[in-house]
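Everything on this sheet refers to the single structure shown next.
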Amino acid sequence: MEIYLVGGAVRDELLGLAVKERDYLVVGATPEQLLALGYTQVGRDFPVFLHPDTREEYALARTERKSGRGYTGFICDFGPEVSLEEDLRRRDLTINAIARDEQGGLHDPYGGRQDLDRRILRHVSEAFAEDPLRVLRVARFAARFHHLGFTLADETLALMRRMAASGELAALTPERVWKETEKALATEDPQVYFEVLRRAGALGVLFPELEALFGVPGPEKWHPEIDTGIHTLMVLKRAAELGGDLCCRFAALCHDFGKALTPQEKWPSHHHHGELGVAPIEALCARLKVPTEHRELALLMSRWHILFHRLAEPCPEHAERILELFNHTDAWRKPARFAQLLICAQADLQGRKGFGGKPYPQRERLWHWLGELRQITAQAFVEQGIKGAAIGDAIREERRRRLILWLQDWADSIHSSTAPSPSR
Ligand SMILES: Nc1ccn([C@@H]2O[C@H](COP(=O)(O)OP(=O)(O)OP(=O)(O)O)[C@@H](O)[C@H]2O)c(=O)n1
């Protein structure tokens, strides 16, 4: 029996990255032998054995990696006669098909190390097509390793295009699609995942709501080459750069879905696109079983993102709008979620061509004001002898009063800094 470290652990080690988990491949053994050695069997679709002490995963070398019904996993044949080369040949990418034996020797029959050095994502063999999820996996690796300079081999893109065109991606279960997508959203360059899916012809199958934005002109007449689809991916990139969490990144992805549903003109006004975005966001979330907190933030962002930009000008009349924003987004009870919404709003403003580090002071200001206003509680009014429903009114009035003051101060400070000095 031979044991090899395989897959992501070897790849990440060779790239000098931290290794998250170690998976092992066992060649020349039967399930019975592993069980007799004290390994425990886990996994429903294909057996994986846990090491008696380390609890790390050991899989037997396989001859086939067919996806199961509904593509929930692999069905495979395996046995003591299956060679290391044959198992590695049926893996997705050459960089994932390198094995390290117990003495530290590398086994790399398909040129994975060379592809790592050349920064290329290349499929190992035509067996790649056995699992349509691999189209998404490649897009995710492209996103994850984008900052290292990885590109996609032409022949792999061509194979992915054939797989997307065959219609088999539609059979992927929502859980598998969302799991890959969530991992991709967590990378440094989540926009690359969607770009690669688009190049592979898979975006329209998996994310038709996003695909629909390409070709929809943005309001920026001076950058006609930036359509709403490109803008959306720029916003997603910016949301990641700003440290937005997964909900924020998902909201960035969905915030302009409604623009595909507004009247299509040469330079459309996109009136009511926030409200129109609700239906496609709901459709996407229902189809992929997107977690509730992601869905909620995406809906809030779609409905309210236009208001965030309108607050750029300091004027006391904005007090009502700000209170409306805090109320509708439930910022009083969920400030951490509101903070993500603020990041998303900043990404929306800055995720465009020529943003050139444009400041977004609204984020700090709104955050600070929310913190101050949350401290206005019923207690102070009770002490003043105010009772019952009047307390709620008093809190609202006090919040409004303070906001008007702050907005006025802000307007005054801008006015005094731009006013010509008396000596001039
Ligand atoms: N659809 C799949 C899933 C997995 N694999 C193979 O199984 C290994 C382990 O899969 P997994 O743990 O899902 O991915 P990793 O490559 O380890 O990547 P990550 O770091 O994202 O976990 C991969 O490296 C690859 O060799 C594959 O060929 N096809």
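Cβ atoms here come from the backbone N, Cα and C positions, even for glycine.
Here is what TrEMBL says about this protein:
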type    : residues                           : note
BINDING : GLY8, ARG11, ARG91, ARG137, ARG140 : CTP binding site
BINDING : GLY8, ARG11, ARG91, ARG137, ARG140 : ATP binding site
BINDING : GLU21, ASP23                       : Mg(2+) binding site
DOMAIN  : 228-332                            : domain 'HD'
Of GLU21, ARG91, ARG140, binding-site residues neighbouring ligand 1, Cβ under 6 A: ARG91
Cβ within 8 Å of the mean position of the Cβ atoms of GLY8, ARG11, ARG91, ARG137, ARG140: remaining residues of the chain near CTP: GLY7, ASP92, LEU93, ILE95, ASN96, PHE141
Cβ neighbours within the same chain of ARG137 (CTP binding site) - under 8 Å, at least six residues apart: ASP92, LEU93, GLU180
What subset of the binding-site residues GLY8, ARG11, ARG91, ARG140 lies within 10 angstroms of GLU21 (Mg(2+) binding site), using C-alpha positions? GLY8
Counting each residue once, how many in the domain 'HD' (228-332) are helix, strand and coil under DSSP? 73 helix, 0 strand, 32 coil
For the binding-site residues GLU21, ASP23, work out the Cβ neighbour count at 10 Å and name the residue with the minimum. GLU21
In whole Å, how far does the CA atom of GLY8 (CTP binding site) lie from that of ASP23 (Mg(2+) binding site)? 8
